[in-house]
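Working notes for the structure below.
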């Protein structure tokens, strides 16, 4: 046996000997009835040792790989008279196939289930784009297990039961007749006699007897689900509710003779078509029991046409071969020998067919390209998950690996020969990554790597993340409930011991025991910390604790039902931190996430967690506890809860201060966010600026996500659609940086708008917020962009987690958990006030060729072909941008398909009109993927109305609506069914495109339409860096283009780039409808050569369009995408949507552009015919009806009345003959014109007023804009406070009169407003009064003291002690022995004193003369004893 993916017949036989097929009753096999025996439970039994595989079972007529069929199983046989043309049966519900929905099918002996008329003229039945000329010839959709001309033998032994059998099986629950779980577990397949059932006993509402809806049908559907689960990656998610079983038994080639039939050259094969009740998923199982011929003529040679096993989408949507290998091309009979599920049975193949057919199971293809089926193909970037892979047929002795583009290698385990399970490592990236699957032998045995893709998403956007309830509840302190819900699907977990013990040979995916495992719920912390070993800051993931343990429910009831448990936030089962780390290191992890994974008994430290599911990022504050609370109990009393709340507040305050200091040490990134991506001033600008801003994926009405946590309260939030690009900001940045490239930063911008459409400002948040949970949360710039930054590995670069660590969690720490610290956060993260915002140039193409260009020209242009919609050549600062659109003639919807075969032929079903609509758009820029968005073909617009093809592969957006590719961001607004609204952003080019199919109408509410109309509207936004003025002023564009080296922007959306005049307010008139003044100029300049009708282009190639690319982006491929050209998507993008027969390109059917005068004349003529009573007397087939009836709208008078002077409405309504389309065209035109006028306006902003002291202050009005020119902001205080400072401001223009050409916008000058308490104000008043009184008293006393001092001074000056020598007093004069200078007398000259008295000296001292003070009384009498010799003054009068 050879190794690898290549298996020959011997290898398949050996595998079948090891794994015999699933048996009904005692054998697997078609009609191996074992009549009279005891039914047994079907299972995939192991072959006993020594048993020889024969391939026939115990029935000599039927093989082992067929399900029961025939009258005994309830089948009906196709009427022999209808074998060739086919017998149409009713399916009684819709089955999806290749994008269409079918409630019928046509069964033919020629080996197909058809859904349209099949052209079987000639010896060969041709289907598909390569072999049919549709629509001139039929190209029907069909499931063809063996397509070639065949017959049913009419005589002989093989003819005894030869024929085509069919039956329909429906689950009882579809008719409300189910009991219990409706799973007939352990049941048996009872034999039913068809002739014993009356039609009245069939399923309710189904009159045909081939319909079964009883316990046997339920059991059959359950068994088919097991088959799908064992062979298809992701098949466990499918629940079959209906099945169509068709069996071709003993058919022979169409012209074979009796000798061929007797030689056993007959074929027996079977198709089982499964779907669910919602018609969303559909699988086909093909069983080949015996293929005795590979062509339809004598002896099975191929002179008359080879038989094919093929799925055809119909109408040139593409084909898929059952086994596109070289052996199959040599002889299709090999299909009965090989298998896509070799572990089950030979000759069995499985496919998923609800949309473009994808092969399941394994393949023997060893070269070329074969699509891998991977489930899930949307994986969390944190890794540690498993995916199931269908690729090459597997050998258990081999080791298989899956290499991820530019990243690590995933190891894979063989589950069975068709499915491998690969364990993905952690991938520091997000977006689509190409994966390669092959044996580790690396092609030693001619194996080639199978190529597929996996989409890695950040945890914030992962649609398959672990459900832990309302995410916002995890960010509250205190949490509203300590018991939080957790939900998961048990089938997402398997027992790792079964897969790793080396003894899993007999393990089946459908076994319930495989899912019995103990699960641990772990909390993983994330931080960006300093690593001293590498000398850098890097991300770190650490398992902090295991919270609890759950038992994964593995009974059958939980196959589709989720398991619901609770998380006790007061309980921690096991910590992986030491006590010291719990009190210190734990608080360095600001954010974390849950991980649910099987318990690894060998992992004691939580460092080797097994693959599992992770949740969205959550706060870790519920793990913070004071030292006296150690999670010892399951509940907390009120005191403990209060202590924890206060502890969280205090710890949050400390962490807020730490973050404030930490962020302040980093680069001031506000200069980059505000100068390069300033927020739009109003929401309309943000809505139309598609190249630079997008709706917030978690906090906007478009995505309707419930995980918004930080900006609740805004009507809509928008964020920068890519990383902010910065430019050189050093010295000489005015001229020296003109030739420097912009570079990508890791910053992002978030702008939130209130219900009035104005920006919410962070300085006003403390003023407006009146309640703790009041929702006024403005957007703010991000140091770490939410979508991450390449290479997604370092600090600030990890998608989702870096922004929570650096921006979102500090908001909660400062604004939610701590008290009075929100201003600190907003000082570091001030919101943008649009002071540097410049509006983009906006254009729109809608309806039947109605254009509003990006430079404000308006016209209607119709011409089929592929046009250069926008082309920008590459420059030093900007990449090359290429956008092309395909315009096709819209079909005439008045054609009655019921006339097919009587009055009209096949090619006349699609008759074009003279109106062209946009059916596709292709975009790419330098270094990006090529994106193609197209409307789907008619009868294919049910589940998906559009195709989104990236890199030649069809992408789906119904699970995750935002996807990122190389240089391109794509997101859809899937509020309406069928992804009718698609947004494509070229990130570096900053050009955005909005593609809308049929105005995004809700077709379900339009009773006259079964599906959408099939036309695209395109809105484009071009950022101002290209120099296109949105107001249409082009007077100085040439000078600016030369001065600043700007690229030339041209295309169908800007047809006159060299024009020097423009218009701002001119409308659309009838003269602008397909005017000859510009039609041929646009065709010659922008039509891609080789497209459109013959003779359209009047110039030869090479004479014009020297500066325009001429390769058709819809039919060509980039070098890296050419390997996928063999996929059926190639037909979808390269083929026209409304392809017409060649006759409609010539003669009177050629396209004739309709001018405004022609439309008006047509409407007036048709209205006159409508109002002319003689017209009603004419027969229906008259010349008047033939000449005008097919051209006139149904009600021309209503067209003129409804549309009025709206030229766009008149044109669309008249040519498309649809009131809905006409009114929608009018509404879209008016709405875009109004929004565009608002969006291109230059708003002048003063910025928000920074309020430093917001306590007890209110803003009037509270939710007014408060930043635009003319705004008035008044600040008041509540009734308990008085306002201080300047409290009224106006935003206006300030002109420097010394430089009249320089001006700015700012608020009027004033002091900072603030509030003072009335009580404190009264206290200060009383203090002022008391202080005033005391001050007045003090002033009076001071005045009295001053005057008293003055008086005393004057009194002293009035005394003069100086005079004659006799009266001179020398008491204070220095004696001869003193060294100090003489002392002046203080009482003046006393020489005029009347007399002096000599005072007796103290006893024992020498008498010294003294100067006596004048006294107002008489001196002591001289006769007093002891007074002799004394001098005195007599002052008596």
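Note: Cβ is positioned from N, Cα and C throughout, glycine not excepted.
Range with Swiss-Prot annotation transmembrane segment, chosen from 1306-1326, 1327-1347, 1348-1368, is 1327-1347. In the three-state DSSP assignment, the secondary structure recorded for residue 364 (N-linked glycosylation site) is coil.
Look at the Cβ of each of the glycosylation sites 103, 315, 914 and count the other Cβ atoms within 10 Å; the largest number goes with 315.
DSSP assigns residue 492 (N-linked glycosylation site) to a helix.
Nearest neighbour of residue 315 (N-linked glycosylation site) by Cα distance, taken over the glycosylation sites 364, 492, 605, 676, 914: 914.
For the pair residue 676 (N-linked glycosylation site) and residue 492 (N-linked glycosylation site), the C-alpha distance works out to 45 angstrom. On the backbone, the CA of residue 103 (N-linked glycosylation site) and the CA of residue 492 (N-linked glycosylation site) stand 33 Å apart. Closest to residue 605 (N-linked glycosylation site) by Cα-Cα distance, out of the glycosylation sites 364, 492, 914, is 492. Look at residue 103 (N-linked glycosylation site): DSSP puts it in a strand.
A simple way to gauge crowding: the CB of residue 364 (N-linked glycosylation site) has 23 other CB atoms within 10 angstroms, across all the protein chains here.
Taking the C-alpha positions, the distance from residue 914 (N-linked glycosylation site) to residue 364 (N-linked glycosylation site) comes to 50 Å.
In the three-state DSSP scheme, residue 676 (N-linked glycosylation site) falls into the helix class. Long-range Cβ contacts of residue 492 (N-linked glycosylation site) within its own chain (separation 6+, distance under 8 Å): 613. Within the set of glycosylation sites (605, 676), the lowest number of other Cβ atoms found within 10 Å of a Cβ is recorded at 605.
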